[in-house]
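See below for the structure under consideration.
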Amino acid sequence: MRIGHGFDAHRFGSTGKLILGGVEIPHEQGLIAHSDGDVVIHALCDALLGGAALGDIGRHFPDTSAEFKNADSQKLLHRVMVLLKEHGFKVSNGDMTIIAQIPKLAPYLPAMRETLALALGLPLQRFNIKATTTERMGYIGRAEGIAAHAVVLLLEEQ
């Protein structure tokens, strides 16, 4: 068994869509990023890669590459899952926390959970996602951006 942890944060300011956990969230601003800015999936990818000792998302999908400009993070997650399988790993379970002052995310968490559990090949009871605020403290509390943490347990396939 191996544990992986991932973190990502992005600043608001894009005129694009706000995508979190593969779900479009109605909001006046998107997140500034080379890809689609999905901090939830980026944190999850880092947790998966870290648990397998395969580096991080920046190494596999560099922001200097035109190939990943405006990339759909769900496709990046799929590529990470293929890489894990090639290295003999499968996901046992996962837990995530999104930290955002705005927008309120509770109505969108079930869709994110379903989307990500499916992408990981997990039943819903093995994947959790929740959201919190920083009680108006720091850059997140000032509504400057959104962050996410992910923890996964990986199993080595026999």
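Here the Cβ of each residue, glycine as well, is placed from N, Cα and C on the backbone.
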### Message
Per Swiss-Prot, which of Arg113, Arg142 sits in the 4-CDP-2-C-methyl-D-erythritol 2-phosphate site along with Asp8, Ala9, His10, His34, Ser35, Asp56, Ile57, Gly58, Thr132, Thr133, Thr134, Glu135?
### Response
Arg142
### Surrounding CB atoms that lie within 10 Å of the CB of Thr134 (4-CDP-2-C-methyl-D-erythritol 2-phosphate binding site), all protein chains
14
### Message
Cα-Cα, whole number of Å: Ile57 (4-CDP-2-C-methyl-D-erythritol 2-phosphate binding site) versus His34 (site 'Transition state stabilizer')?
### Response
12
### Among Asp8, His10, Ser35, Thr133, Arg142, which are recorded as recorded positions, the nearest neighbour of His42 (divalent metal cation binding site) by Cα
Asp8
### Task
Between any two of Asp8, Ala9, His10, His34, Ser35, Asp56, Ile57, Gly58, Thr132, Thr133, Thr134, Glu135, Arg142, the residues recorded as binding 4-CDP-2-C-methyl-D-erythritol 2-phosphate, what is the biggest Cα to Cα distance in Å?
30
